[in-house]
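Record features, source Swiss-Prot:
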ACT_SITE  H37  active site, proton donor
BINDING   30-37, 149-152, I178, 186-189  ATP binding site
BINDING   Q61, Q155  (R)-pantoate binding site
BINDING   Q61  beta-alanine binding site
Amino acid sequence: MITSSDVSTIRAQVRSWRSQGESVAFVPTMGNLHQGHITLVKEAKLRAKHVVVSIFVNPMQFGQHEDLDAYPRTLAADSQALIDAGAALLFTPTAQTIYPKGLQQQTFVEVPEIGDVFCGASRPGHFRGVATIVCKLFNIVQPDIALFGRKDFQQLLVIKHMVNDLSLGIDIIGIDTIREASGLAMSSRNGYLTPEQKHTAATIKRALDLIANAVRQGEAIDKATAEGEAMIVQAGFKLDYLSVCNADNLHPAQADDKQLVILVAAYLGTTRLIDNLCFSR
């Protein structure tokens, strides 16, 4: 695996592959890799000749009081995991490389409406940061396909909308959430949880299953959502949001919507966890 923090090196390597007619997949990450990330890389290997991975803790997507400085940096372990998973190229830019003029003078990308609700409302500017860095990385790497986990469902939709709106010509592929045996969605932020909190955190998935099963059986969405909310709050969470939505546009679910997604964000102690569950009725 080649590792570089230099944009021109990354571009030259991708051009070399393309000159030989070889396909390129891309998996952008913030590092501190877990099995969910490794699954993305392995899935990418099934779909393209070469896999490029980026590791960049993006300051633009962190709010003023969020955990940018505390976010774990584990480059040595991440590099070995990516070698084992079959990645061909690792891009590790610095903030100076990505934002040479600083965040305030940086051109940005903003995806309206779908980026303004849920996590977009709770974390103002977050999806501007996500869309901007992903767009910039896409322009550097210029992959055929890019893979993202469905755990960050709203993020996945934001990126799909951006790619479509800006005619970037990249196929965006969502990969199912990887979960621990308890049902807890794998996340880098799980590392902030105590063992007891990790046990409690599995309640989120149970609440999502409860809501989905109730709605499938004909229960009113408001009633099912209230039951799920009670389960989450009683377990000790501070709920940010819990909503059943149209899976295509994140509008509140209507009676004739068939493809639905339940979105949830909640705090356990100081750790904010998100999850979702897609289902049809």
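Placement of Cβ uses the backbone N, Cα and C atoms for every residue, glycine included.
This view paints the features noted in Swiss-Prot onto the structure.
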residue	record	contacts (Cβ under 8 Å, 6+ apart)
M30	ATP binding site	I55, F56, V57, N58, Y71, S188
L33	ATP binding site	T74, A77, D78, A81, L82, S188
G36	ATP binding site	G149, K151, T177, I178, A185, M186, S187
H37	active site, proton donor	V27, T29, A81, G149
Q61	(R)-pantoate binding site	G125, H126, F127, R128, G129, V130, I133
R150	ATP binding site	L156, G174, I175, D176, T177, N276, C278
Q155	(R)-pantoate binding site	C119, F127, V130, F148
Secondary-structure category, per DSSP, in which I178 (ATP binding site) falls: coil
R150 (ATP binding site) in three-state DSSP notation: coil
